[in-house]
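Q: Pulled these from Swiss-Prot:
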DOMAIN    21-262  domain 'ABC transporter'
BINDING   53, 54, 55, 56, 57, 58, 59, 60  ATP binding site
């Protein structure tokens, strides 16, 4: 039986770590289609949690609920609770601007804005804070450093972001997300459109970013989940089948469905 090699586990089990995000009895509907079914999961603070499962299992849907991006589209409904620092972000009383500043998101395909590299990073900050020119410059530099991009673009901040390579554009999107200093960073298959070298750089970056951020990453690449995550959740047909330490999921899963998936018997 083929097993994916994983690093040795570090830190304490989920139950002993501070919980940053928690879904409680979460159901989600696309019109009448029941996409997520009574999901209960706790995301530990300043750890990387990977969501894995076959296409259509609900992992990207769950990710989008964590920042309520689904609310931009009609006929979508979430029921239950998603707690961020023990506050229910699904409540109509939870301010959307506050949520956007606390939960950043990076998508599968890099989406730089058609503006300069500097303005790409400054854009979100301007909508949430009023900074002096010097403070803005410092903030943009800090974000680009966190995105591991500063050394490559520091002399061309006034150039269009559209001229960057795909890997650079994705790191710019990460820098743009962390520029607001969120608590949580959501990554939806952030390397699926990138070459192996760019993928490796993003994975290294994820490892660095978890010192400051709680990270949830959706990936179809189980080797990637094994490399970058501390915890892994396996989803199938809208159900959360198993959630545990990554080392446990890939070496001693408790559910047969999980074992069948990670050993390539389906999916």
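Using N, Cα and C of the backbone, Cβ positions are placed for all residues, glycine too.
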Q: List the residues in the vicinity of the ATP site, defined as same-chain residues other than 53, 54, 55, 56, 57, 58, 59, 60 with C-beta within 8 angstroms of the site's C-beta centre.
A: 61, 235, 236
Q: Tell me which residues of the chain lie with their Cβ under 8 angstroms from that of residue 55 (ATP binding site), as long as they are six or more apart in sequence?
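A: Once residues fewer than 6 apart are set aside, residue 55 (ATP binding site) is near 220.
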Q: Express the predicted model's confidence over the domain 'ABC transporter' (21-262) as a mean pLDDT, rounded to an integer.
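A: That stretch averages a pLDDT of 97.
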Q: As a test of the contact definition, list every same-chain residue at least 6 positions from residue 59 (ATP binding site) whose Cβ is closer than 8 Å to its Cβ.
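A: Non-local contacts for residue 59 (ATP binding site): 51, 52, 53, 218, 233, 235.
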Q: Out of 53, 54, 58, which of these binding-site residues shows the lowest number of other CB atoms within 10 Å of its CB?
A: 54
Q: I'd like to know which of these binding-site residues, 56, 57, 60, is least surrounded, judged by other CB atoms within 10 A.
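A: Each of the binding-site residues 56, 57, 60 was scored by Cβ atoms within 10 Å; lowest is 56.
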